[in-house]
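Q: Structure incoming, see below.
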Amino acid sequence: MPRALWTAWVWAVISAFTEGASDQASSLSCDPTGVCDGHSRSLNSIPSGLTAGVKSLDLSDNEITYVGNRDLQRCVNLKTLRLGANEIHTVEEDSFFHLRNLEYLDLSYNRLSNLSSSWFRSLYVLKFLNLLGNLYKTLGETSLFSHLPNLRTLKVGNSNSFTQIHEKDFTGLTFLEELEISAQNLQLYVPKSLKSIQNISHLILHLKQPVLLLDILIDIVSSLDYLELRDTNLHTFYFSEASISEINTSVKKLIFRNVQFTDESFVEVVKLFNYVSGILEVEFDDCTHDGIGDFTALTLNRIRYLGNVETLTIRKLHIPQFFLFYDLSSIYPLTGKVKRVTIENSKVFLVPCLLSQHLKSLEYLDLSENLMSEETLRNSACEHAWPFLQTLVLRQNRLKSLEKTGELLLTLKNLNNLDISKNNFLSMPETCQWPGKMKQLNLSSTRIHSLTQCLPQTLEILDVSNNNLDSFSLILPQLKELYISRNKLKTLPDASFLPVLSVMRISGNIINTFSKEQLDSFPQLKALEAGGNNFICSCDFLSFTQGQQALARVLVDWPDGYRCDAPSHVRGQRVQDARLSLSECHRAAVVSAVCCALFLLLLLTGVLCHRFHGLWYMKMMWAWLQAKRKPRKAPRRDLCYDAFVSYSEQDSYWVENLMVQELEHFNPPFKLCLHKRDFVPGKWIIDNIIDSIEKSRKTIFVLSENFVRSEWCKYELDFSHFRLFDENNDAAILILLEPIDKKAIPQRFCKLRKIMNTKTYLEWPTDETQQEAFWLNLRAAIRS
């Protein structure tokens, strides 16, 4: 019994393990190229069953704690491995030994407290390694990266426990495109630790305090192109001139991101620019200046200029004591060499005239997302301000008058590019004044409703996107590029107004269509972006767009940007894929064909009516409908005749000389209705026939070959036919005056033919001895 329990327990464990492994393997989604995605799947281990077909494996943001020697041994073609944001605390020595093709490895934000060089000894082609955010204090006892000759991007350190950088740490690395060191709590930096790296393109340094900053800078200043300092409090920073005076520097760009300054530390940083003479660009991003701009009493007067700095960028500068801040006049003399200045989203409402006049080399000025208005712009763009300025960006400020703005900028003689987008202009005056060299103007998102002659005729590039324009009728003879997307235009602009236009962006309007003739009217058009409009996919439009292969080279957003809005059955489809029916595209031909078919149908109907007496049927239907309006059966007192006699004119002798004599002169006499004597003059013949039949108890048909050929006999027979079979009575008496073939009776009198086949009719005897019996039978039939 215990043995059985033990066996059951073992099988349960094996089953659970197998099921778990299967579940984990199924949690990966892999495409045919070998890219497998398993991020954020709550995995607690690396899935089993991985093969050589896997080239990219993403297991980030899971709960993996351990990487074993066999977990990845079959992934010999793996190039990208992402294990970041897990709980990994252990990596076995040979875990990555078989990954000889690995180029990208991310182990960031795990729980690794120790790093081993054996992990990387076979990763000769590794280019990217991220070890940020783990728990280690140092980079190991031995040189960690000595086996990585092709490494180009390295990220190491953490924000808490990483405290020491030793000389051996970066041995073996000669060239890095990017090195990021997170060392907010750095306590020890051994000199020359970074000096072994001969060239670093971009160094990102996270330091909370600046104590060791100068030591690091001394080691890298001759091999570094681009230094980025993050999350640092520079309140206590002091620049020692002696320590760096002998160094040949190569740093070209310096960025301070989320860094705090004081008036004093800012001066120390400016000193640095004089000695690191290669710096061409300085950027302050999301920084805080804890001071009031009081530089006059400091050593700023010993600094003649900002080194060789040509580009100065300031974004989101916070000044807690903004309303106590000085006028900065003491730094004006330092700005003479600066060519490009960007001060963005920093609550700037004024550039003092004196500062503008000192910026003698300035070519580009960006004051986006600030508080500039026409009143302050008047002071900023004063006489002799920014003498060489070519580009001015005043996007998203507080400008309201286009006329005043243009007038205030007349002092800028060299200005050719002006961006005043996202200001609230609303309207445009009829005339304006602009600097004489204006070539580019950005008026996008200014809520203007129409364009006027206010725009300068010298423009080569105009952006009026995202406004309320419903037409474009300006003559701009030099305009080469027009950006007019997201407006309310219904058609392309007139090409005669824009003779040299080469680029037009007109997407997001309400244009229904455009034609080959319209595009051909722009002789120099090379790029057209017209997607996102409400295209009516007519036959002509589809034929044009789908039939012009060269059109794809002009339409930059073809084919995905072009969708049909109508007809409804192709709405939402790409114009390239839409198909219309033959009737929609060849309406005239279809209508002609239908008309021809209708004509043939009418012709055929006429032939059939003639052949099968269709006209007769219609006449009879009309007569029957007329007769239906009268009482179905005349009252007894309205019957005037014993019988109505229907006969052919050729048989009138027999009727008038024999029948009338035998019936009307008999005692008692019969009263007959004959059309010759009893029809009412002036009354329609058809009405006479109908009235006579209805006023007679019987209808006598004198049948002969002449009767069958007589048109009026047919009418009389027709209406009696309706009476007989609509009222279902036996009012008809047939007299066969001479033998006739029953087939000679028209097919349309089917019921009459049936009577002749089923009921007795009187036949006129040629033998005189039998004629008396004939008249006797006829009188009896009339009385019945």
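From the backbone N, Cα and C atoms, a Cβ is placed for every residue, glycine too.
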Q: For the feature motif 'ATG16L1-binding motif' as recorded in Swiss-Prot, pick the matching range from 131-148, 239-256, 383-400, 761-778.
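A: The range carrying the motif 'ATG16L1-binding motif' annotation in Swiss-Prot is 761-778.
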Q: What kind of secondary structure is Asn199 (N-linked glycosylation site) part of, going by DSSP in three states?
A: strand
Q: Tell me, how many other CB atoms lie within 10 A of the CB of Asn114 (N-linked glycosylation site), whichever protein chain they belong to?
A: 14
Q: Give me the CA-CA distance between Asn199 (N-linked glycosylation site) and Asn442 (N-linked glycosylation site), in Å, as a whole number.
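A: Checking the Cα atoms of Asn199 (N-linked glycosylation site) and Asn442 (N-linked glycosylation site) gives a distance of 41 Å.
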Q: Measure from the CA atom of Asn114 (N-linked glycosylation site) to the CA atom of Asn442 (N-linked glycosylation site) and give the result in Å, rounded to a whole number.
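A: Rounded to a whole number, the Cα-Cα distance is 56 Å.
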Q: Taking residues 6+ outside the repeat 'LRR 4' (126-150), which of them lie with a CB under 8 Å of any CB in it?
A: 84, 102-117, 120, 156-159, 161-166, 168-174, 180, 182
Q: Summarise the model's confidence over the repeat 'LRR 4' (126-150) as a mean pLDDT value.
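A: Averaged over the repeat 'LRR 4' (126-150), the predicted model reaches a pLDDT of 95.
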Q: Check Asn114 (N-linked glycosylation site) against DSSP and tell me helix, strand or coil, would you?
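A: The residue in question, Asn114 (N-linked glycosylation site), is coil (DSSP, three-state).
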Q: Tally of helix, strand and coil residues over the repeat 'LRR 4' (126-150) according to DSSP?
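A: Helix/strand/coil tally for the repeat 'LRR 4' (126-150): 0 helix, 3 strand, 22 coil.
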Q: Provide the three-state DSSP residue tally for the repeat 'LRR 12' (338-361): helix first, then strand, then coil.
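A: For the repeat 'LRR 12' (338-361), the helix, strand and coil counts are 6 helix, 5 strand, 13 coil.
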